[in-house]
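Asks: Following this message is one structure expressed as structure tokens.
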């Protein structure tokens, strides 16, 4: 059975390879939009949009769509618009606990499952120099909340799935894929 990852994220590609090396990448192309207020619902709606868009032209494949957002006290932090937005986000996250929500939708024919995985993350206190050095690297500009756990030392602790923080909850995705193969 063909598997499609409906994402251009290099991090999701790497994590998907932990599940199977046999998949193709076909990202969704239409604009992302959700009116959901709840961060988990927001991420799940965007993931569902991506998966159903790609599935509409690849009905013979299992399609996996994902979207990750950071939730700080009920406020959704997506990808920063620019460097100053990244700086603002990182200052907000400094010395605080936030939630990383990854919405996932898996579609195969008329079967569909969507879920949201949440991991709590606590940042250490960040100096202006920490933030500036990281933002100047360009690394945070394509990541929800303006950071990648795998490339910075800002995280003091986390509770939940590390892979979820990166943007792809591998254990849960693997469990759901197993159900598709059995059913």
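Start at 1 and count along the chain as shown; that gives each residue its number.
Positions of Cβ are set from backbone N, Cα and C atoms, glycine also.
Quick paste from TrEMBL:
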type	residues	note
SITE	11	site 'Important for substrate specificity'
ACT_SITE	67	active site, proton acceptor
SITE	68	site 'Important for substrate specificity'
SITE	150	site 'Important for substrate specificity'
Asks: Helix, strand or coil: which one is residue 150 (site 'Important for substrate specificity') in, per DSSP?
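Replies: It is helical.
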Asks: Measuring CB to CB from residue 68 (site 'Important for substrate specificity'), give everything in the same chain under 8 Å that is also at least six residues away in sequence.
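Replies: Those within reach of residue 68 (site 'Important for substrate specificity'), by Cβ under 8 Å and sequence separation of 6 or more, are 43, 100, 101, 102, 103, 144, 167.
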Asks: Whose Cβ, among the recorded positions 67, 150, has more other Cβ atoms within 10 Å than any of the rest?
Replies: 67
Asks: Roughly how many angstrom lie between the C-alpha atoms of residue 67 (active site, proton acceptor) and residue 11 (site 'Important for substrate specificity')?
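Replies: Between the Cα atoms of residue 67 (active site, proton acceptor) and residue 11 (site 'Important for substrate specificity'), the distance comes to 12 Å.
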Asks: Pop the Cα-Cα gap between residue 150 (site 'Important for substrate specificity') and residue 11 (site 'Important for substrate specificity') into the table, whole Å please.
Replies: 10
Asks: Can you tell me the three-state DSSP label for residue 68 (site 'Important for substrate specificity')?
Replies: strand
